[in-house]
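The transmembrane segment annotation in TrEMBL covers 60-87, 99-122, 128-152, 173-195, 223-245, 266-287, 299-317.
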Amino acid sequence: MAELFLGEIPKQVWSWTVLCGHFVFKFGVFKCELDFGYFIFVSKSGQLLWHMPYTENEQFWTGIAYTIPCLLTIPFHFLVLFALLRIPQLRRRAALRMMISLTVCELLQTIFLAFGGTYLILGVEMNPILNFIHSMILEASWAALLIMHPLFVLERLWFIRSNMIKVEKAPKYFFDPVLAVCWVGGILYTVGYQLGGDQFHLQLDECGWVSVGNAANSVIIHVLYYCKMAQLGIGVVATIAMFVLMVIRRRRGLDQSKIKAYELRYLIQNTVQFVMIIFNMYGYHFIPASVPYQAQVINLEWVIIVIHPAFITILVNREIRISMHNMFHKGSEISRTPIQLTATVIGLNKSTKVHTIEIKKYRKTYFY
């Protein structure tokens, strides 16, 4: 009776009655939480029993917020992917192959987030088997992404450090097996969550992707969570170390003390990415489901995390912009390729001890 009575009271009434705050009233085996004007019934163990359901209008606009940004971003992800594949140095540079793998991860999630959002727009429950497959692909690609991001920063850190101390660099294809391990790790993370009782799926009445099960008390889930946080922490430390090494290299080599724009760009871009993922992971695991719009906020941040790299990459990476330009102008060459100088000693005047040097310059040109 209490559920029926509370369900008939418009949300707007409670929103005006209680502008803010969190009040808890205990009733025997359960407690009633009045959180920002919404009634939620939660058991003493913390399991969500009932809350005021979201309206069809809220479901529709939440689906729009998920779907439209993803659909607009998918073409840019494909552009970045094809541009990376057409760069001539792809076979020699591990960073480019890592960027391809990261782009594939982000593209997969963008497509499936848009696909799930259409069900919210239509107000239709997804088929259980399709929901399971759809959610597992999302979760596995997300877990693989969390492994690849720190690895990418570590590769850049190793590259900068090896140039500074003149050590032998890693073999050309050293990081390729590591990328395969990242994908396997994403699948293992997903299997671990299933074994830990975390049933991740798209739920219509929650307006997003949520976990249902006994995950809060699972040791496996907690271990996996702290493993992910450790990976992200390594990524943050490696980003700061990379920035410091770039500054040191510039001061030693060029004797310049002013911080360059590209150095700040590396620091800010990677730090913001890691901080957003950390907040998302923390909110997913520790913000209770009883908080209104918890699922929507976390899922919208997830959408932002996977769509913004495509635009940032195009804006800041000149090499990719040149490759994209050549995709639409067949037969043209990569513009502004660096001029290489070759110096050869062709004579020596023994009386004056003056060397005669011939300098040749040429430009490498790549045609498509």
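A Cβ is built for glycine as well, from the same backbone N, Cα and C atoms used for every other residue.
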Of 173-195, 223-245, 299-317, whichever stretch has the most CB pairs under 8 A to the transmembrane segment (60-87): 299-317
Which of 99-122, 128-152, 299-317 contacts the transmembrane segment (223-245) most, counting Cβ pairs under 8 Å: 128-152
